[in-house]
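> Here's the feature list from TrEMBL:
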type: DOMAIN; residues: 1-314; note: domain 'Major facilitator superfamily (MFS) profile'
type: TRANSMEM; residues: 31-51; note: transmembrane segment
type: TRANSMEM; residues: 63-81; note: transmembrane segment
type: TRANSMEM; residues: 93-110; note: transmembrane segment
type: TRANSMEM; residues: 131-157; note: transmembrane segment
type: TRANSMEM; residues: 163-183; note: transmembrane segment
type: TRANSMEM; residues: 195-213; note: transmembrane segment
type: TRANSMEM; residues: 219-245; note: transmembrane segment
type: TRANSMEM; residues: 266-287; note: transmembrane segment
type: TRANSMEM; residues: 293-311; note: transmembrane segment
Amino acid sequence: MFGVWSAIVSISSGMGPFVSGILVQTFGWRSIFIINLPIGIIGIFMAYCMISPSTRQHIKLNLFNHALGIITLASLAFSLIEGPSYGWISPQIVEGFSITIIAASLFVIAEHSSKQPIIPFSLFHDRQFSSANIIGFLINFSLFGGIFMFSLFLQYARNASPFLAGIQLLPMMAVFVFGNLLFAKLTTRFGSKSPLLISLLIASFGSFLLTFISPNIPYWLLATIYAIINFSIGVSVPAMTTIVMQAAGHEHGNIAGATLNVNRQVGALVGVAIMGSTLTQSSSWYIGTSHGFFAMGVCYFIGCLLVQCFMKND
């Protein structure tokens, strides 16, 4: 089930760079935000008409803790996105990070003292749950940071138009679907740990290979190596999700899924910000991209270590 769900998500992720390339080329960069409006409306309509109501639990909504969480993520997003523009030691960015630290600290304190916390911290006592969430952060850091970095590389180092860059990214993104679907067969035979470990190891090795990127490397070779990386991550994402849900159990399944998604979204945010900053501060696009792939390789390798040390095979 997780493999099929991940495959459906991967189709939309794979189409994103392609469709956005067409929109930017034709209507300008603002159009990539406008398209979210009809998609959101369709999503709300489908959810209302097609999803059966779940069993309700009489739990009081903790508005204060939610507000602290929103402030934490909003200030972090602002600081990371605007850091390269304002300067990392500018008053605006220092204040932004300060608000992030204060709000996050208050959130943790409030959660510990709450009778109905948003995230039961007892879940993090499980090493598999904690490790899988860290891996989720690292995967999205590398995945979305890498896509952002490589799309800019194609446009500015290889002089591709936004439309052509979207076309060139398409085969590298399409392989996610096949990796997601392969997961179902692999996990039936080997469990979740081994596919996750091997896929992260392959992704790490491929990322380190791309650190040798140069003007002489043909597109087909870059695309092949990057496609292998993304295919491997296509296997690892449903494996990671399965481990999280099994560790949390049925009682905390919804909270576990939400926690993993938050960690992955924050990882994507940090990845895009760091990769963007790395590119803008490097002396050339090739050097900056090489540094970015090295960071991806390190993140995937850390994921391998976490899997090997803290996860059990189911």
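Backbone N, Cα and C define each Cβ position, glycine as well.
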> For the transmembrane segment (195-213), which recorded stretch in the set 63-81, 93-110, 131-157, 266-287, 293-311 gives the largest number of Cβ pairs separated by under 8 Å?
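That would be 293-311.
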> Applying the under-8 angstroms CB criterion, which one of 63-81, 93-110, 266-287 scores highest with the transmembrane segment (131-157)?
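Result: 266-287.
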> Short question: which residues 6 or more past the ends of the transmembrane segment (266-287) have a Cβ under 8 Å from it?
73, 76-77, 80-81, 83-84, 136-146, 148-149, 152-153, 156-157, 213-215, 295
> Which bits of the chain, at least 6 residues beyond where the transmembrane segment (293-311) starts or stops, bring a Cβ under 8 A of a Cβ in it?
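Result: 127-128, 130-132, 134-135, 138-139, 141-142, 145-146, 193, 196-197, 200-201, 203-208, 210-211, 213, 229, 236, 243, 274-275, 278.
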